[in-house]
Amino acid sequence: MMGLNTNVSQLRNISESIFEEIKNKSDKYSPSSPIVPTFTLVAYGILIPVAVGVGYVGNILTAIVLWSKEMASTTNLFLRALVLSDIALITSALLLTPGLVISSGDPETNELWPQGLSTLKFLMMTSQLCNVYILVFVSVERFFAICLPFKHLYLHTRRNVLLSIFINVLFSVLFNIPRLFVLDVRQAQCTGVNSTRPCFIYEWTVFGESSFYQDVYALWMYVLVYFAIPLTVLLTLNILIVKELKRMEIRLVRIGAENNNVTSEKVNITKTIVLICAVFTLVQTLGFISQLEYWILNREGRVLLVIVNFLYVVNSSINFAIYIVIGKKFRKKVLSVFAKCQCRFSE
């Protein structure tokens, strides 16, 4: 995610563009000009760190609740994995964003994380991909639970859930391994007033400049894996789930069983997951629109790019609020945790 400008043939993916510092050497910048626009500086220097801080608090509280005995269901295994991927994503964002804020006047250079940039980007993209397909898997699970309940009984086992999580993590890691081999770093002199400090220039490797990486992997494979497939599945399944939920509620009212505890909990969990998926789908769609602006118009939509990448961090930070607002059982558990903490402090 950080400002990668190359020539027209070198197409890049938007979700890693915030953190890439490569610039085409033909681009001219005045050393006295600001490094980034004020909006970008505020977003990366203030808003994203604040969102990350909120995300840590929310995700840690979510983890405490989800790992409690009362919340030990097979569905919540997906939500536990989602929490871990959220923490990994916001951590990599926190480590990467300062590079843009404190970089020197030369857009090709950066003082922070010179040797670890590729590794941190790999962590971010891997955690983001885990995020994407955890939501896909949990949507599939909710589809069977609501629309095909009899098949759900024998398909939705602890073993199958853990296996799907393992496959998801393995696929995310393997898919993003090529990102570790596309950049070289070399030390260079910084430009600007304080020119004695060490800076580093990031350059494409031979593999990074190859047609396979630029045109196949970073364009078509990226679009399919990060956008087209998951967005299609999420939209289709969640629309079907919402329709079935409405029909289910009508049937329950007719037979006078709307207050059935088991059914009510099942519906409540599903509504929570649908809302989480809806928020994610909105952010991911905006990311795709921002990507299209670069591909079709051959220009970088800077403001939209910054907004989208800020929303990626926010999306990994606000699930706790959704659980609190929608999830009745989750809300009760949070209140009980705070009550226990209050009792201990009062003692």
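Using N, Cα and C of the backbone, Cβ positions are placed for all residues, glycine too.
All annotation found in TrEMBL is predicted automatically rather than curated by experts.
The domain 'G-protein coupled receptors family 1 profile' annotation in TrEMBL covers 58-323. Residues or ranges marked as transmembrane segment by TrEMBL: 41-66, 78-102, 122-140, 161-177, 219-242, 273-297, 303-326.
Tertiary neighbourhood of the transmembrane segment (273-297): same-chain residues 11-15, 131-132, 135, 138-139, 142, 219, 223, 226-227, 230-231, 234-235, 238, 241-242, 245, 304-305, 307-308, 311-312, 314-315, 318-319, 322, 326, selected by CB-CB distance under 8 Å and a gap of 6+ residues from either end. Tertiary neighbourhood of the transmembrane segment (303-326): same-chain residues 1, 14-15, 17-18, 39-40, 43-44, 47-48, 51-52, 54-55, 57-59, 61-62, 65, 82-83, 85-86, 89-90, 93, 128, 131, 268, 271-272, 275-276, 279-280, 283, 286-287, 289-290, 293, 334, selected by CB-CB distance under 8 Å and a gap of 6+ residues from either end.
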